[in-house]
Amino acid sequence: MARAKLKNSPSESNSHVKTVPPATTEDVRGVSPLLPARRMGSLGSDVGQRPHAEDFSMDSSFSQVQVEFYVNENTFKERLKLFFIKNQRSSLRIRLFNFSLKLLTCLLYIVRVLLDNPEEGIGCWECEKQNYTLFNQSTKINWSHIFWVDRKLPLWAVQVSIALISFLETMLLIYLSYKGNIWEQIFRISFILEMINTVPFIITIFWPPLRNLFIPVFLNCWLAKYALENMINDLHRAIQRTQSAMFNQVLILICTLLCLVFTGTCGIQHLERAGEKLSLFKSFYFCIVTFSTVGYGDVTPKIWPSQLLVVIMICVALVVLPLQFEELVYLWMERQKSGGNYSRHRAQTEKHVVLCVSSLKIDLLMDFLNEFYAHPRLQDYYVVILCPTEMDIQVRRVLQIPLWSQRVIYLQGSALKDQDLMRAKMDNGEACFILSSRNEVDRTAADHQTILRAWAVKDFAPNCPLYVQILKPENKFHVKFADHVVCEEECKYAMLALNCVCPATSTLITLLVHTSRGQEGQESPEQWQRMYGRCSGNEVYHIRMGDSKFFMEYEGKSFTYAAFHAHKKYGVCLIGIRREENKSILLNPGPRHIMAASDTCFYINITKEENSAFIFKQAEKQKKKGFAGRGTYDGPSRLPVHSIIASMGTVAMDLQNTECRPTNSSKLALPAENGSGNRRPSIAPVLELADTSSLLPCDLLSDQSEDEMTQSDEEGSAVVEYVKGYPPNSPYIGSSPTLCHLLPEKAPFCCLRLDKGCKHNSFEDAKAYGFKNKLIIVSAETAGNGLYNFIVPLRAYYRSRKELNPIVLLLDNKPEHHFLEAICCFPMVYYMEGTIDNLDSLLQCGIIYADNLVVVDKESTMSAEEDYMADAKTIVNVQTMFRLFPSLSIITELTHPSNMRFMQFRAKDSYSLALSKLEKKERENGSNLAFMFRLPFAAGRVFSISMLDTLLYQSFVKDYMITITRLLLGLDTTPGSGYLCAMKITEDDLWIRTYGRLFQKLCSSSAEIPIGIYRTESHMFATSEPHDIRAQSQISINVEDCEDTKDVKEHWGIKTGHHRNSCSSDQSEHPLLRRKSMQWARRLSRKGNKHSGKTAEWISQQRLSLYRRSERQELSELVKNRMKHLGLPTTGYDEMNDHQNTLSYVLINPPPDTRLELNDIVYLIRSDPLAHVANDGHSRKSSCSNKLGPCNPETRDETQL
């Protein structure tokens, strides 16, 4: 900045001059901090306005200097340039005016042609008109008709005025856009055309005889096209529209076609004035026929000038039009890739949701569309997919199906770009679903991308509801602002953990969160498939109690009373409520909760109440001797979805026989008979209001001394006391606090290692620890923070101390310090480094003492070059363990749900082939649960986290589903809310007979709500080949193994049962295949040194013996040899007990008349014991005087009844 120092003159000062303190030496070198900010004005609204002048005082002893900025823009040329070119609005007006002038000149030319009559004579202006008709008969071409036309004076005056304006405007624009090279401006096509159409008219002003001279004014159509292009560009720039390439190209193509046709029509018509004098319409007809390549030949030019023009026009069309079409096709293909735009008008008049994904796969797309459009009220919604990658072939093929092409719009773009969010009209969307890419190798990076997308959408459209899927639990707190968040690893590990204590919890939850009508498998000849498919249609619904026909009549009654009678009368299962003044959902709040009309009821049923029809029928009242009717509901109306509601039995019992039962008694024990010995067993009534003196069994937080004494008596040694509290160290931010069983003091890290002794203990294998309960082994690649959620549900406070299973983490990589810090407070939690493809690792971690082995999907194998190959290693390893340890319950997580058909694969099993056909049939029928009949899924042995994607989609309609699922999984604990558990039906419990009577028994005795049954049936899987008798007969167990088995069963408390032969004929029929299988299995273990010096005779005998043995014996021998090599006792390896000839499935909310069967496992929602402690002021002794249930705290939590 140049600075000057002038003497201070009072006469020069004025009120508009701003003074500042004198500048120092340092200020002269740089910009003074006192410089005022530059004021910017709108170019559109303040055209030509200049910033005001600023004055700076350089020194107090000198005069002030006024400095004016942007003086270069104050010149006359700059002001004109600003008005004609730079300013968007004014330049748009100028171009619109210019475009109108060009169209007007073309219109005037048409008027001149229509008024022109060559037969009246032609010639110069004010000259005598001469008729050249006779002369022209001797010559073929009348050139005078080409050079001279008849132009009326008013028409000439208007054309001259327009030409003069156009000429002046062109000269002005040439002057303003001059950049040093005048020839570049002169030789432009637009300038040459402008001169041809304007200069001759200006000349006629000064030379009147030339006023009838022909001037090709019709060429102004090309100038109008050029002006229109510029005008559209200015318009898009003014309205900030950037995605206009396709529109511009289509407009250019249409204008080019129109200009070619108009130029050809006018040119041919004028040249034919010297021939047969074609009319303007006939010339237009000829051009259309010619350009459409039809060429009828009824109208043709007769003279060579017009013929030459036709040739020229065709050549121009052959050059120009292909270029235009090529550009249009290219833009069309690009638009097909990018998806175009979702118009603002559609966004304001239609409802749409936006799906943001990093990469769109066909499975994810179909899961979303099937689940989203399964709800009737969402049929009119549109789905806008915003994805940064190009649409793959499979997705493109699906989106071309009419069912989806009318409702799904694919946009290629990024959620981090506001212009792409604008294209998707995110601010008008009903919801935005942001899904993470779970198949990425770096799942943390995938979460980071999801977080940025969520932030970008929240910043752009703060009022749009957000539904976010996150992978890692430690990243969840970054998106807490979202309306609904599903953390994949939290749900996955909690579900896998509950699968170990409540079998097939993963199947139960998956069926609940999938929308189905219960029509799957109804045409199957198998009874279990029809019943399983029918019950799979049950979902969770909600209704306000005051508006409900199901629950309205139970206002003022207890929750337990309402649940039982609603199930008895309508077949619906009431599982929870939400108070109007409280936003928390309570699962089974217990009999203390009194139902109010404002409560929101959550229930399980085939369909919601609003879609149900009620058929009321008057039934005969049952009259039984000695039965009081207080607990019986006389209204027999029910939903038509249940064919028969069985008799609920008696509801009265003698209260004098309800004293406290012994500790080892079952809560479903047969009531003592009174009076006549042939009297039917009775069940206690479900009370309308809770009796505070006889509510529930003793709470779990009381009588710890008794619990400890019982444990001490069993072990005969000192027992480490457990305390109940909240884990002191959470591995990540945002984990829900859960009351758990904890160690009084944290275990040292060295004690957490299972296979290595330390100074605190010398145990090096699971056998040495002498655990009372079976192990739960978890195989994972790394000890991620999500694994913490596997431990917490298994150590929750409501689980009895007797039922706590030791947990062994089999990790590929060593866990980090912070993870060990988080788990060291939990009892009986250990880890070990190893993999499931190493037999030694499996044996050292105690697999033969385990009931459940959980195989977690590895992050490093989630992506594969070939689709669906990510699970190959896991499937093969699990199949190996299935062969080696047939009695083990293996729960496997897969990346792709379609691969579950390979679990426990039997190539020659005709029954599995029949199930495969059933799955294909259900998929063709459009079922969302086509995979449900696969035996591993039905039994809860396989799970894929992608099955829970529908949980997020369902939350759009059912905003409570995520909360209920987290409560069922034990991820969240709400005071007063119950928890999911299971109980097993034994022979002593079969007197109850039906599920409806079981519902009454549980509601009346312990206020538990059953929601389903896990049923296991024996089934013979027929093979396609005859059985090998040798394989079935050559099974022997030596005396030593029997003694070892007996010893381990006495020590581990295992109940012996009937064993089945699990050998299959197809495996034993081919010894070569068995030998290959043996070699493959041996590669899993570390072999010792081979012994030498054995004789050939001994080798031949061993080979003959190996040939005669079955595969089962070979694998058993392999396992025992490795155990001996590792120094492990071979006791406990039961080679006979397996589950290969059984099938299991889940029945959600079965009808009340469903018969109970032996070994059924009933899913229960048990009320929160802490709620009763908080609400009841009675002592533990008064709680133990329960008249309707057992008094021992352990009895209430036993799963074995």
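Each residue, glycine too, has its Cβ placed from N, Cα and C.
The K(+) 1 binding site annotation in Swiss-Prot covers Val294, Gly295 and is backed by similarity to another entry. Of all Cβ atoms in the protein chains displayed, 9 besides its own lie within 10 Å of the Cβ of Val294 (K(+) 1 binding site). Val294 (K(+) 1 binding site) carries neither a helix nor a strand DSSP state and counts as coil.
Per Swiss-Prot, the feature Na(+) 1 binding site maps to Leu511, His514, Ser536, Asn538. DSSP assigns His514 (Na(+) 1 binding site) to coil in the three-state reduction, placing it in neither a helix nor a strand.
Just so you know, the Cβ of Phe771 (Na(+) 2 binding site) picks up 18 other Cβ atoms within 10 Å once every protein chain is counted. As annotated by Swiss-Prot, Na(+) 2 binding site applies to Arg753, Lys756, Phe771, with the evidence given as similarity to another entry.
Taking the Cβ of Arg753 (Na(+) 2 binding site) as centre and 10 Å as the limit, one finds 18 other Cβ atoms among all the protein chains shown. Look at Swiss-Prot and you will find Arg753, Lys756, Asn761, Tyr769 tagged as K(+) 3 binding site, backed by similarity to another entry.
Swiss-Prot lists 8-17 with the feature compositional bias 'Polar residues'.
The feature region 'Disordered' is assigned by Swiss-Prot to 1-28 (among others).
As annotated by Swiss-Prot, region 'Disordered' applies to 1175-1201 (among others).
Residues annotated as topological domain 'Cytoplasmic' in Swiss-Prot, with sequence analysis given as evidence: 1-92 (among others).
Taken from Swiss-Prot, the feature topological domain 'Extracellular' covers 116-152 (among others), and the record attributes it to sequence analysis.
Across the topological domain 'Cytoplasmic' (176-184), the DSSP tally of helix, strand and coil residues reads 4 helix, 0 strand, 5 coil. Per Swiss-Prot, the feature topological domain 'Cytoplasmic' maps to 176-184 (among others); the stated evidence is sequence analysis.
Feature annotation from Swiss-Prot assigns topological domain 'Extracellular' to 207-216 (among others).
For the topological domain 'Cytoplasmic' (230-249), the model gives a mean pLDDT of 69. The annotation topological domain 'Cytoplasmic' is assigned in Swiss-Prot to 230-249 (among others) on the grounds of sequence analysis.
Residues or ranges marked as topological domain 'Extracellular' in Swiss-Prot: 273-279 (among others). When Cβ-Cβ distances below 8 Å are used as the criterion, the topological domain 'Extracellular' (273-279) is approached by residues 118, 136, 141-143, 145-146, 286, 299, 301-303, 305-306 of the same chain, each at least six residues removed from its ends.
Distant neighbours of the topological domain 'Extracellular' (301-304): 140-141, 268, 271-272, 274-276, 278, 286, 310; these residues of the same chain sit at least 6 beyond its ends, with a Cβ under 8 Å from one of its Cβ atoms. Taken from Swiss-Prot, the feature topological domain 'Extracellular' applies to 301-304 (among others), supported by sequence analysis.
Annotation source Swiss-Prot lists topological domain 'Cytoplasmic' at 327-1201 (among others), citing sequence analysis.
What Swiss-Prot records for 93-115 (among others) is transmembrane segment.
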Top partner of the transmembrane segment (305-326) among 153-175, 185-206, 250-272 - counted as Cβ pairs under 8 Å: 250-272
Chain-internal residues near Asn538 (Na(+) 1 binding site), provided their CB is under 8 angstroms and they sit 6+ positions away: Leu511, Leu512, Gly518, Cys573, Ile604, Asn605, Ile606, Ile1148, Asn1149
Positions whose Cβ lies under 8 angstroms from the transmembrane segment (153-175), at least six residues beyond its ends: 77, 80, 84, 98, 101-102, 104-105, 108, 111-112, 115, 185, 191, 194-195, 197-199, 201-202, 204-205, 211, 217
Cβ-Cβ distance under 8 Å to Ser536 (Na(+) 1 binding site), same chain, at least six residues away: Leu511, His514, Ser516, Gly518, Glu520, Leu929, Met932, Val1146, Ile1148
Coarse DSSP state, helix versus strand versus coil, of Phe771 (Na(+) 2 binding site): coil
Candidates His514, Lys756: member of the binding-site residues with the richest Cβ shell (10 Å): His514
Other CB atoms within 10 A, centred on Asn761 (K(+) 3 binding site): 11
Beyond the flanks of the transmembrane segment (250-272) by at least 6 residues, Cβ under 8 Å: 106, 109, 113, 146, 214, 216, 218-219, 221-222, 225, 228-229, 232, 278-280, 282-284, 286-288, 290-291, 301-303, 305-306, 309-310, 313, 316-317, 320-321, 324-325, 328
Neighbour-count leader, CB within 10 A, binding-site residues: Gly295, Leu511, Tyr769: Leu511
Any further residue of that chain within 8 Å (Cβ to the Cβ centroid of Arg753, Lys756, Asn761, Tyr769) of the recorded K(+) 3 site: Cys750, Cys751, Leu754, Asp755, Gly757, Cys758, Ser762, Phe763, Glu764, Tyr830
Positions on the same chain near the topological domain 'Cytoplasmic' (176-184), where near means CB under 8 A and six or more residues out: 77, 80-81, 84-85
Beyond the site residues Leu511, His514, Ser536, Asn538: chain residues whose C-beta lies within 8 Å of the centroid, for Na(+) 1: Thr510, Leu512, Ser516, Gly518, Cys535, Gly537, Glu539, Leu929, Met932, Ile1148
Assigned conformation of Arg753 (Na(+) 2 binding site) - DSSP reduced to three states: strand
